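J.: Handing you a structure now.
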């Protein structure tokens with residue numbers, strides 16, 4: 001049969017040839033150990049075949065031969081940092097609602113944009129509606145099922161493995177919403193993964209356990225006064241494993257002046273109750289609030305990391321932004337508030353990052369709010385990078401969990417661990433004995449996996465954890481996502497590090513804590529992993545009796 005000449009081919013056939021040529025060049029570059037600029041290759045190859053449009057990334061990904069998928073997918077993945085920690089994060093927003101403390105303080109916090117009564121009226125509290133997550137939520141009319149399905153589809157098209165999902169429930173104080181709405185919202189998150197239509201939260205969780213796409217955790221944003229015993233019990237029922245608590249400042253006068261509507265004592269209580277229930281605690285902190293100043297800001301972060309009443313597991317650092325329609329905007333306009341200069345802010349963030357202990361993870365260093373909406377505050381979109389560069393100039397290292405993760409190190413610095421060993425760090429926090437176990441390469445300061453073990457205090461209110469129980473609050477092996485049922489020798493997930501960490505945790509609980517039982521706060525989708533190693537479900541926890 002006579003082969004068609006290039007001029008006889010249709011645009012669709014030319015596009016297929018272009019895609020094949022792009023993949024061939026990628027394979028050759030891989031075999032020669034060369035780095036390749038994908039955009040340049042796409043442009044050049046499309047021009048070679050006389051096409052005005054480049055081939056889409058989605059089509060290239062779909063056409064990669066099976067034997068080359070493992071080596072080429074990391075090169076084709078858009079924004080590889082999204083799944084570098086081993087999990088695809090899906091942020092969803094609940095419907096707009098008023099801040100719960102308006103009823104007794106008379107107003108919202110002075111710096112807070114958004115909400116039903118704000119200039120950004122279709123946005124949720126503390127968001128403007130122009131953040132990427134907000135815009136996705138508005139497009140889906142705040143429907144939790146659609147938000148989840150759309151985001152997962154988007155991540156898949158960009159070449160990410162969406163085998164494990166962690167939800168972040170954003171949009172103000174979720175736990176202040178009516179119970180009926182909360183149940184509907186969480187039920188739909190689980191149903192979006194499992195494909196089942198549930199009648200209640202218990203049914204949704206049951207089907208989510210066996211879902212192909214695993215829900216390995218749910219994070220809920222809340223306030224210290226909505227983090228009490230009944231709220232924590234409800235969140236455990238939902239399959240929530242991590243809390244993001246809005247602290248903002250450890251100073252009582254600042255909390256009062258900014259109209260927070262809760263005390264610092266409430267912050268300490270909420271941390272204690274949350275950790276004794278097994279939750280991981282991430283704090284939101286805001287440097288550059290009114291009436292603080294640089295030195296006082298540094299002092300509060302020193303206090304925050306060193307005082308056992310605080311010591312969070314994670315931190316989101318949100319330098320104060322002046323946004324129109326807020327009380328702070330009026331103070332700024334009248335000259336009664338002035339933001340730090342850009343250089344002072346970079347210096348401050350660098351000094352804060354230098355204080356972070358190796359068991360704390362810094363999740364974010366600034367808000368996602370678009371710069372045109374910011375009247376005063378952060379002027380750079382890459383504040384974390386600038387702060388890390390400043391630390392490098394000063395000869396200081398940032399030793400938080402995220403900076404040392406194996407997946408992040410591989411993407412940013414192309415370094416891989418060489419000699420891995422077990423490292424143990426013990427500290428006291430919120431009335432309990434904490435042990436941070438990790439597998440690390442100490443020479444290169446790379447973290448492969450971690451486990452947080454706590455000897456619960458006697459004040460724990462959950463009956464499953466009473467009478468001397470140790471709880472594993474987090475088990476995480478880092479590196480790009482590897483599906484739960486498979487192994488990849490070049491990735492660090494599913495290579496046995498998780499099992500080794502669990503064995504050491506059980507030994508410490510039995511021999512050092514003197515515990516007769518160990519519990520795990522497990523994401524709904526990872527419960528079967530613990531069943532395989534001898535755990536059973538008791539309430540929301542996976543538990544095992546220790547001999």
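Just so it is clear, glycine is given a Cβ too, placed from its N, Cα and C backbone atoms.
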J.: Do you know which of 111, 184, 202 is annotated phosphotyrosine by Swiss-Prot?
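T.: 202, according to Swiss-Prot.
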J.: Based on what Swiss-Prot says, identify which of 49, 207, 251, 418 is the phosphotyrosine one.
T.: 251
J.: Run through 44, 214, 229, 455 and tell me the one Swiss-Prot describes as N6-methyllysine.
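T.: Swiss-Prot annotates N6-methyllysine at 229; the rest carry no such entry.
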J.: From the candidates 94, 99, give the one listed by Swiss-Prot for the same [4Fe-4S] cluster site as 109, 112.
T.: 99
J.: When the Cα of residue 202 (phosphotyrosine) is compared with the Cα of each of the binding-site residues 99, 109, 112, which one is closest?
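T.: Spatially nearest to residue 202 (phosphotyrosine) by Cα position is 99.
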J.: Restricting the comparison to the recorded positions 99, 112, 161, 251, which residue's C-alpha is spatially nearest the C-alpha of residue 229 (N6-methyllysine)?
T.: 99
J.: Indicate the candidate from 202, 251 with the smallest number of other Cβ atoms within 10 Å of its Cβ, considering only these modified residues.
T.: 202
J.: Fill in the CA-CA distance, residue 109 ([4Fe-4S] cluster binding site) to residue 251 (phosphotyrosine), as an integer in Å.
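T.: Cα to Cα, residue 109 ([4Fe-4S] cluster binding site) and residue 251 (phosphotyrosine) are separated by 15 Å.
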J.: 10 Å Cβ neighbour count around residue 99 ([4Fe-4S] cluster binding site)?
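T.: The answer is 23 other Cβ atoms.
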J.: Other than 99, 109, 112, which residues of the chain come within 8 Å of the [4Fe-4S] cluster site, judged by Cβ distance to the Cβ centroid of those residues?
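T.: Apart from 99, 109, 112, the close residues are 101, 107, 108, 110, 111, 115, 125, 126, 259.
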